[in-house]
């Protein structure tokens with residue numbers, strides 16, 4: 001690997017490296033995933049002229065880090081929602097307010113995690129950096145799923161993960177194709193089908209793993225008791241989850257090592273690409289690592305608030321838990337990534353937009369979902385891959401219609417419009433789901449915990 005140095009980790013803060021980071025600029029670009037390319041469109045350059053005049057190096061480094069990490073994004077305006085959610089918790093404010101503020105606070109945090117993993121990739125090299133980016137790409141969804149699981153809210157876990165897949169396949173991709181088609185209405189937008197084909201093969205594998213446990217419950221009904229059927233579905237799901245994780249590991253090897261060229265973001269010589277080419281690390285390795293740990297802890301805190309208040313928000317807003325989990329959580333939680341995908345579609349860079357939507361859907365379907373099943377298994381919680389007939393049907397239709405939409409390697413606004421309309425149809429279906437809260441929480445086959453109390457200072461959540 002070109003440009004490797006033997007000196008220990010160190011770099012002067014804010015883009016003035018004292019040594020050469022691992023990998024050349026070209027190699028570092030290869031280590032970036034579509035998630036990072038998408039999120040980078042929401043970043044803004046920092047003006048550090050005032051900070052550079054601070055005489056004390058420690059204070060100057062801290063202020064520089066603060067400027068780059070907190071204020072270096074166009075979503076910085078949403079950061080006040082984080083302390084607001086915490087204060088509302090201590091003051092005993094209505095839980096729907098805490099739920100809404102926590103969701104808003106998660107939006108910039110998800111984008112900043114992407115920024116920090118990219119900063120670390122400057123030091124780890126393109127391969128390890130790409131692996132880090134791929135692993136942390138959906139950290140918010142994984143944290144919410146695990147916290148909901150520890151509260152025994154299995155339905156919320158299933159709904160939120162399914163919603164993330166549907167959102168990426170229909171909403172994000174549909175909006176990107178529609179906006180890109182309108183912005184480039186006088187010319188045909190084209191993209192490389194190869195990476196899309198790989199993602200669809202894996203998504204179909206994931207769908208098969210969801211379909212078979214569902215069919216077992218129907219085909220074996222009457223031949224065995226409900227308890228036996230439940231055990232069969234649980235055992236099948238755990239076995240399938242191991243297979244899904246193996247397939248995801250193979251996908252990472254395929255993406256980062258053997259066929260990396262298929263997943264490279266398209267490289268056109270324009271102003272944006274020149275900017276990307278000149279990017280350097282703006283914070284040191286250990287500063288980036290510390291910020292990443294801190295951001296992850298804050299995401300975990302806000303995710304706990306979201307999980308603990310979702311039923312109360314459902315009652316107050318007269319919305320079903322299924323609608324909030326499948327529609328609202330993915331839209332707000334991934335707003336930064338979604339906006340970036342649309343921006344690149346406007347720039348006629350559909351390969352990046354596709355990489356965001358399909359890559360994220362694949363990661364959730366083949367990594368986050370089976371990992372959640374394994375974690376539930378370890379915790380002694382019965383969670384399977386049977387998401388229900390309606391939910392599994394929505395997943396199947398979404399994968400099939402998206403595959404047909406992208407089969408010819410070209411795009412126009414009508415394709416995006418159809419995907420968006422499909423998403424609206426699914427949203428309407430879950431919007432009219434008015435099952436009572438307790439039934440809504442258990443209708444996927446698992447009894448929710450009757451009383452989950454989370455005490456954080458003066459704030460107490462009950463569900």
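For all residues, glycine too, the Cβ spot is worked out from N, Cα and C.
A quick note: this is a predicted structure, and the numbers were derived from the prediction, not measured.
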Candidate set 36, 318, annotation N-linked glycosylation site, source Swiss-Prot, matching residue: 318
Recorded membrane side (Swiss-Prot) equal for residue 95 and residue 411: no
Among ranges 15-35, 162-182, whichever one Swiss-Prot labels transmembrane segment: 162-182
Beyond the flanks of the transmembrane segment (128-148) by 6 or more, those residues with Cβ under 8 Å of it: 23, 28, 30-33, 35-36, 106, 109-110, 113-114, 117-118, 120-122, 154, 156-157, 160-161, 164, 252, 255-256, 296, 299-300, 303-304, 306-307, 329-330, 333-334, 359-360, 363-364, 367-368, 371-372, 375
Counts by DSSP class (helix H/G/I, strand E/B, coil) across the region 'Cation selection' (137-172): 31 helix, 0 strand, 5 coil
The transmembrane segment (239-259) vs the transmembrane segment (361-381): 3 or more CB pairs under 8 Å: yes
Selection from 198-218, 282-302, 326-346, 361-381, 412-432, the stretch that has most Cβ pairs under 8 A to the transmembrane segment (162-182): 412-432
Local Cβ density at residue 318 (N-linked glycosylation site) - other Cβ atoms counted within 10 Å: 7
Paired segments the transmembrane segment (326-346) and the transmembrane segment (198-218) in contact, 3+ CB pairs under 8 A: no
Within-chain partners of the transmembrane segment (412-432) [C-beta distance under 8 Å, separation at least 6 from its ends]: 166-167, 169-171, 173-182, 185, 188-189, 319-320, 322-323, 326-327, 390, 394, 397-398, 401-402, 405
